[in-house]
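Engineer: Here it is, the structure in full.
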C-alpha cells in the first residue's frame, strides 16, 4: 500500500503545490515556523479540533490539522488545560454507550458520580464528550486560556462576559436549589458538584420568570437601570489543581454577590481607508484593463495561480509540529442513571411556529442606506446591539424576539414545527432584506455576524457559509455588457449592497474603495433611461449572471465533450446495468447539453482496454483492443472522440450492440486504472466530462486494490478503520485531470466491497460526483434499477458548466480558511471546477481577522466563472449582506441551526478521516455542550434547573443526536464500509436542503390525507401533512406512515391499517395481501390514490436525484432500516433523545 504524497498538502509526492480541498488556506504552509498570518487576531473557535495534533495521515482530505488553532479554551468542566508532568488533566466522562439503566429513587438524574448496582448489565457508553474535543493544545502550555494576547485583548470593544451572580427565582427555588453560577475561570478553588435537580411533572413547562429576564436582550427605547458589570472569564494558571470530586452529599449552594469591576467601555477603531484592499486582491495600482489569466474575471488581473498575494488566515501551522502531546487524564465519571419516565415531558403543547428574527413591528432593525450617510440609531434609544446582556436582562418589560425565547428542552417535548424548518431572516431593514440572496443559494451559519473573534469564540458556534452556486433557478437575470463593473482594488462585482456617493462614484461594500461609474453603466437597459446607475439590474439583484467579454477567456471556450468509460467484465454483465445505460443514452442523446461542436466517445474495459472508432464515413463502429495495460496508448487518437451530430448514427449503432457484445464474457478482471489513464489521454487536449461505470474492486494493473473490509467489524463500537484511501493513484490522477479541465463522475454499481474510500478520490479532487447503487441487479433489485434510470436521465440532460473557477470574497476583516466540497484549490482562495453541475453544494469556514467595530453590515460574494454547453463564457455572481452585532444574545438570536448542523457534518467527515471516527463523534457532542453552556453562562442571567436553549437552537441537540446515528458516523450498528464512506461523501457535497433530509428524515402520516391546507402546484392539489417526530410512539398500527430520508423513502403500513386505504391506495383487499417487495404505488382512479401519489411525486420533484420507495410491513426485511431512522428512540448502541438531553445537562451543569 502506497501512501506517498499524503503527508503533504499536494498529494503528489513531488513538492508541487496542490492545495486540494477541503484544505486549509495553503498560505499557512508556506511560512516558516513561528511566523504565519493572522497571528495578531483572536483564534477562531473550532468544534472539530483533534485530541492531539499529529502528522497528517493518509486520507482523501490530506491536510492534517485543518482547523485554525484556537486558544479559546472552555472552562475546566469542558476541556483540559496543559498540566505539569504528573498532574492529571480534567476530562469529560467518555460517551461511548449507555450507563446501566436503573430508575433512581428520585425522579431526577444526579449530575454527581453514582456507582452502578451490581446486578445491572452495563451497556456500551454513549457518544463521548472528551476532554480535548475542540481545541488544539496551545503551543505555550502556560498561556492563560482566555487571555489571547495583549494586542487583541486591548482592542476588544466589549470585555469578555462571564456568569453573573445567582439570582434565584424564589418560586423556582422552593422546588430545587439552583445550580452554581460556576465562576469556573476564577482563581478560587473549584466549586463542589451541583446539587440534585428535581424535575417534577407538576412543575410548569417554562422558566420561572418571563423569558425577557433570562437573557441579555432588550427592546429599543427602554433604559434599564445600570448594574455591576460581569467579571471576565479568566483562567488562572496558578490556581490549585482540581482534585477528585468530593465525597458525601452535595453541599447547599448560596447565592454569590455580584462581582464589582470597572464599567464597560467601547472603543471604536478608525474607519477603514478608502483604498483598503480585500484579502487576496492585487495592488490597486494595477491597471484595470489588464487581461485576466486562466482564473478569468474571478482572479484579480495579474494574479497567477499560486503567485498572487496571499490571504491572511487564522490557520496556525505550528500546531501540528510544536503542540505538546495530550496527557492522559483520569477515567471519566460515570454518567449516572436516567429516569425511566421523563417527568413533565409528554403533556406539553406544540411550540409556536418559528418566526423571523424580530417580531413584526418591532423597531429593532439597523437602518442601512446606500448612500454615504452616517448610521442612524433607531428612534427611541439604542438598539439591542448597543446594550450589554447584563443591562438588557434588567428590563423585565422588554419584548423578546422569538429566536431568543427560552426553551427548557427537558420539558418541551414537541419541538418540531409542523412544516419544514425555514431559514432565519437576517435582522436587516426591509429594503436590504428584499434585495438579499436566496438562502437556498447562499446561507451563513450566523445571520448576525459577531463584531470580534473573541465574541464569536464565546458563542461556541461555527462561522461559515453554505453555497449552492449553480442551482437551477426559475428566474435569473442575464446581463450582456462590454463593461462588467468591478472594484479596482478587490475586484468585487458591483452589487445591491454597494453605496453610490453620487451618480459618478460608488463605494465597494467589501474593501470600501471609491470607484468611478463607467459611462456605459449610466444607461439602464431595462427602463431605457440615463443617469440612474443605482437602478441597473446589477444593483437590483443579489444573484445575476454576466455574459463575459473576450478578456475573460484564456483560450476559446471549449466544446461540450462527453466520454463514457464502461466496465464490461463478467460481474458487470451479470448486474445488467449495461443495457439500462445504453437504452437511457439512446433515449436522451438529443437532449445532451451542447451545440454543433459537441463530441462523444466510448471506452470499455475488463482485463484489456477497448476503444471505438466512430469516424464519420464508417459503415459500423470499429472496436480497437489494447492489451498492454502497463503502457497504455491511444490507437487512433483522432477518431475516438467524434462530433455527435456528424456520427450520431454510428453512436446509436454502438449503443444498440454493446449489451450483446459482451453478454457471454467470462473475463472477471478489472483494469480500471489503465482505463482511466487512457480516458485522461483522450480528453486532455480539450477537457470535458468523464463518466465512469464500475461494478467491482479493480484488481489488475495500476490502481489495483485489495479488499480491506472485515465484515465482522461492521457493527463494531470501536473506531472504524480504512476510511482513508489505500493508494494515492486515484487522487494523483484526479489532480492531473483537474489541470486539464477534466472532471470524473463515478457510478458504482456493486453488491461487493469496492473500496469507495480509494475510488472516490477520482471524483473528489476533479470536481466530479459519486453515484452509488449497492446490491444493484436488474432482476433482484428493481427499485435500484429505477433509481439508476432516473438518476441517469437527470445526469445526461441537466445543464453543465465547463472549465469553471469559483472565488468567494468577503468584507475586509473577515477571512475564509477552509473549504468543503468536490474541487481542487488552485491558489489561495480559488476553487478549480473542471465541471460544475446544478446539484453540487459547497461550504467554507470563516474567522474574524479584524474587529468589525465601525460596521453595521458585512457582505459576502461568490463568483462562478464557467463555459456553458453552448460555448459562452459566463459569470454567475451571488451577494449576501448580514448585520454586525456586538452582544452575545444577538449572536445567538441569529443562529441558523440547520446551517450550523450542515457545516459541522462537513467538519466531522474530515475529522473522521484525519483523526478517528470517535474523535468526530466526541466533537459533535461537545459542539452542543459548549454552545448551550455558553448560552447558559453568558446570556442567561437567571440560572435555573433544566436544559435551557434559545428557541433558534432548540433543535440543535436533536440534530447532533441525528448525526451521531447517521450512517456516516454511527457505531454499534452493522454498516458496510462503502455505505459509510458514501454517506460521508454525500454530507460533503450535497446542498444543505438535501443533506438535512439525510441527517433528520421527515415522517408523515398519509392514510388520512385531506385537501385542508393543501398547495396548488401546476393545477395539482398537493396535501401538506404535519411533520412528525421520529419516534415509534408517533406510529400507529391503524395508520400508514411515509418516511422521507433523502435518497430513500419508506411507506410503513400498520397491521390494523384501515381497509379503505389498503384498497383505495395500494389496491389490495387486506393487510396480508400487501406484497413483500413493493416499490411502486398503483395508479388507481380514487381520490385517496391521487392525493398520496401527488404528495410523493411532489417530494421527489423537489430534489435532483430520485429517491426509491419501499412499501414495508411489520414482517419486512427493510423494517430495521426504517426503525434505525427513529432518531428519538433508544437502541442497543445509542441513547434516546431524552437520555441524550440528560447527558448534555449533566455535562453543562458540572
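Backbone N, Cα and C atoms are what each Cβ position is placed from, and that goes for glycine too.
Annotations per TrEMBL:
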- 1-31: compositional bias 'Polar residues' (COMPBIAS)
- 69-80: compositional bias 'Polar residues' (COMPBIAS)
- 146-158: compositional bias 'Polar residues' (COMPBIAS)
- 170-187: compositional bias 'Low complexity' (COMPBIAS)
- 242-273: compositional bias 'Pro residues' (COMPBIAS)
- 355-374: compositional bias 'Low complexity' (COMPBIAS)
- 384-394: compositional bias 'Low complexity' (COMPBIAS)
- 484-520: domain 'Zinc finger Sec23/Sec24-type' (DOMAIN)
- 557-796: domain 'Sec23/Sec24 trunk' (DOMAIN)
- 801-885: domain 'Sec23/Sec24 beta-sandwich' (DOMAIN)
- 896-993: domain 'Sec23/Sec24 helical' (DOMAIN)
- 1022-1096: domain 'Gelsolin-like' (DOMAIN)
- 1-394: region 'Disordered' (REGION)
Engineer: Counting only CB pairs under 8 A, let me know which of 557-796, 801-885, 1022-1096 has the most with the domain 'Sec23/Sec24 helical' (896-993).
Structural biologist: 557-796
Engineer: Give the residue counts of the domain 'Zinc finger Sec23/Sec24-type' (484-520) per reduced DSSP state, in the order helix, strand, coil.
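Structural biologist: Per-class counts: 2 helix, 12 strand, 23 coil.
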Engineer: According to DSSP, how is the domain 'Gelsolin-like' (1022-1096) divided among helix, strand and coil residues?
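Structural biologist: So the domain 'Gelsolin-like' (1022-1096) is made up of 24 helix, 14 strand, 37 coil.
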Engineer: In the domain 'Sec23/Sec24 beta-sandwich' (801-885), how many residues does DSSP assign to helix, to strand and to coil?
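Structural biologist: Here the numbers are 0 helix, 58 strand, 27 coil.
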Engineer: Let's see if you can do this one: DSSP helix, strand and coil counts over the domain 'Sec23/Sec24 helical' (896-993), in that order.
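Structural biologist: Its residues fall into 68 helix, 3 strand, 27 coil.
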Engineer: For the domain 'Zinc finger Sec23/Sec24-type' (484-520), report the average pLDDT of the model, please.
Structural biologist: 95
